[in-house]
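Worksheet: one structure, shown below.
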């Protein structure tokens, strides 16, 4: 669009010339594709309040004081308790994982009879290893997720204040738009 | 790879492990120190040696050494005579003693400094006493708020920050008591053996010399040095050491002042953003009240959101996502005013949305583009905001096709002499002169300044512009920098 | 025809990834789009990208080959890999995201406030990445060699070219989307042929893949040996040879091979009659059906230890993979990161069924791979073997696209992670220059080593990388996140001890052949010994340097574990 030359300026006093690409600047070059912009005359019915459509919170802001943090302040003792709790949850998960991962090989190695057991020539443990263990991991992962999230919710929203509790997990729900 | 940690391990293991062994080692060193000729540290002549080295041998030796190193590429060559050697050793000790205190007078820095000062002076023990409120978070990063108010109320009492050397058990308790008169008077003091009242004839701590640490006319603490016997040279050496410490503390004070000034300007910027904008927005909204009350309400809410973001967040960092959201509100309000004339395009790599950016690092750039770029231009005005992922950094640019700026003029604004790192570090950032009509670059200059301050000099803005050719502002934000979190 | 299908598949792959990359950048022109533009990467999408990066050449090609060669003993690895993500979810993700660290060295510096620990961690990250790149290069080489007969280095060149392209484009345009798309591509590329081949197998009367004897050639088969090899012949067989066997040059003569060891020259053509027992490459065990199908069936010396050690290495190593950890930075906050991590096992479980299937079918239909030793190519060979004609070629093209997606996504992930980490430590330079420098460094080290290492399966190399990570980065992360008492000295000592030994063991294993006995077993799978030792060293040294616990440890721990934006009183 404009064939002028711009000059690059940085604070450290280096000035270098910059030639502009001939196919014009991105802002102006993309113009034809643009959607009609909102007009001051008020013909923008389909997009009345774009800011708030994205937020799953209905509109609780109106009644709130201007500065609400997401939750109540947390004391150091409560924080330590949360860390302990989370560690407990994580360790329990870890115990399950270790039990399975350590238990299965031990069972198969120390009791060869189990390893050889089979139906019609197909050793029974083959399908167990291929199909059986992965669902356990999925279940354990979901259990861990639920417990950890609940622990956090209970910390940050101890009171029955639903309004604040509803906001904590408000990031995108699982699922791809 | 450097392995100081292993050394630390050993050091700490011995320190924590055996006080008895440490005492034994001390005895050993003292015993070995007794034969006069063999002593490795100059027993008595040290201060004089230092003085002589500093006065004569040192400048020549340093100059010669530097010249040699440069001309022949020989980095190291043993100095010719003993005086030079002593001078180098002393210089080394001095340079090592200085840095810790640059962080201010804290227990941590005092502990390190005391150790180094003791080896510099060759004294039996060194104590640092300070009149400071107890503080825990000097070392904490920017991500902490500054709840200093609580600390201010703690009564300032002199306390022993560090004791390095022998006889900690016997004399450390008296260090504060001995320092009190000096703290009150601001004059150095020598405490004779009789006054020390040490009954143990073998105790190495017989004489104490207390020098005040006076920063900007206030006695902030004392440096107490303990010897086996007094001498005039030692008194002088202690005085010099106190001056060295004072110098470092003054620099630390300057650092603090600089940070406080930057904060002040930050607040000023936040307050300054709006006057025009507030007026314009409210006028625009008012014009909708009758024709389109729904829209007026929505805009008013946007305005409230925008203001809340601008004023509320007391912390210095936010995420790119939040900053973009604020820009969105800003653009909505401006669009209500300019309508079809203002066109924008936003192109964001989702990967960089969580990147921590200084609070209000982008919004002023957009505001600047609109306020300045739209001046006098009649046609449509395009602005495009692009954020890309580029390895360990995010590359962000704000581009418009407005009237542009005179590069030299902009250069002048951006590199105003104040606030540049000068020979003594950062200058003040707050006193940039505001020229009449030179409003355009102030937002840019401020953002530039803050980026450089937070991330280092190589992360300043790069502006590509010319009169009539629009403007493109580029900035880079590292995804991680110590102490930078959207907390 | 196969070559044509392969070429078409590669072109389609490139086109697909290009589209994904361009489309993923969120553009907004109208106000409503702005909300979309400033929305982060969703957990589901990010989990796909993570799985995409994790399913490397090793998982895609290698595990099927391992099942073919070793049987049931290799079913543990996918299990441990998925379990590793469960532990990652439990111990690391949310806190790591909350720390705001981009890379593991960032985390170490932030938590411990020590530049030297940072440097050590950077070293560990580099070694993990380099070890992890090796199998990607090898996999690419094997794939191209098996499919087109090109020399191995062409495969390496492809990977290098892609990585350099990435660096030259100044970063990663829409890399999350590209990685996520590649995961689903890989899943399709492995699942669709599996369904077809299973149907074929069923139609053929569902022959028993296990069998009572070592594998046989089902029908008369011609095997081309490209590189000189030594093989074990399990039972006497008479073959037609064109080339060099046991040092003698033959030209289409019938040669009886007695049971035992034989050497075959490069470029030799051997024709086996139907039902002939398959000679095995020297390093692979000859197993009858029952042994193959039974865990610990071979009654190996220290088999249980090796299994446990490999499992532990994979389990803990998954926690410290730098390219995976870096992906969590893309999540909006700690909670989103945690959800992301919880979804990964679901995706990996979908994938993990297939290697066993292909390995089993391979024993039936592509047993000559046991002879050439190219077991990594099982997946690539099967479609042509079971379904000669255009259908097979089509499936081969699909599998090839998946295989290349596997090399490219994992290598790009690692190269980006390494380059990002390295560029952070050369701060003087301009960001883009530093990043490019990092890319070159990340590629140069494995390329220098690659021509010098002996024959190694892709999975073996990956377990090595995981082992280094398990012995160095994993203890650092776990202790740094959960224990306030960790000191810089402790972390450094543990990293040097654990990481150092693991790297040394890895190098020793790279440059020496496989062998047996306790010391060799420990050297081959050091995780069970070294990882606990690294934990112990970190804890003990930290306790010894108790006075040096960083003063901000408590606040750091709070920041790690409290949800973002929770004010602390």
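Each Cβ is built from the backbone N, Cα and C atoms, and glycine gets one as well.
Database features, via TrEMBL:
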- C:75-96: transmembrane segment (TRANSMEM)
- C:117-133: transmembrane segment (TRANSMEM)
- C:153-171: transmembrane segment (TRANSMEM)
- C:183-204: transmembrane segment (TRANSMEM)
- C:308-329: transmembrane segment (TRANSMEM)
- C:341-361: transmembrane segment (TRANSMEM)
- C:393-422: transmembrane segment (TRANSMEM)
- C:434-453: transmembrane segment (TRANSMEM)
- C:459-483: transmembrane segment (TRANSMEM)
- C:490-511: transmembrane segment (TRANSMEM)
- C:523-545: transmembrane segment (TRANSMEM)
Tertiary contacts of the transmembrane segment (C:308-329), as residues 6+ beyond its ends and Cβ separation under 8 Å: 46, 49-50, 53-54, 76-77, 79-81, 83-85, 87-88, 91-93, 96-97, 101-104, 125, 128-129, 132, 176, 179, 337, 340-341, 410, 413-414, 416-418, 420-421, 463, 465-470, 472-474, 476-478, 521-522, 525-529, 531
Touch test for the transmembrane segment (C:490-511) and the transmembrane segment (C:75-96), at least 3 Cβ pairs under 8 Å: no
Applying the under-8 angstroms CB criterion, which one of C:75-96, C:117-133, C:183-204, C:434-453, C:459-483 scores highest with the transmembrane segment (C:341-361)? C:75-96
Sequence-distant residues near the transmembrane segment (C:75-96) by C-beta distance (under 8 Å, 6 or more away from its ends) are 54, 59, 63, 66-67, 107, 295, 307, 310-311, 314-319, 324-325, 328, 334-335, 337-338, 340-342, 344-345, 348-349, 351-352, 355-356, 459, 463, 477-478, 481-482, 560-561
Within the same chain, the residues 6 or more beyond the ends of the transmembrane segment (C:523-545) and with Cβ under 8 Å of it are 305-306, 308-310, 312-313, 316-317, 463, 466-467, 470-472, 474-476, 478-479, 483, 485-487, 489-491, 493-495, 497-499, 501-502, 505, 508-509, 514
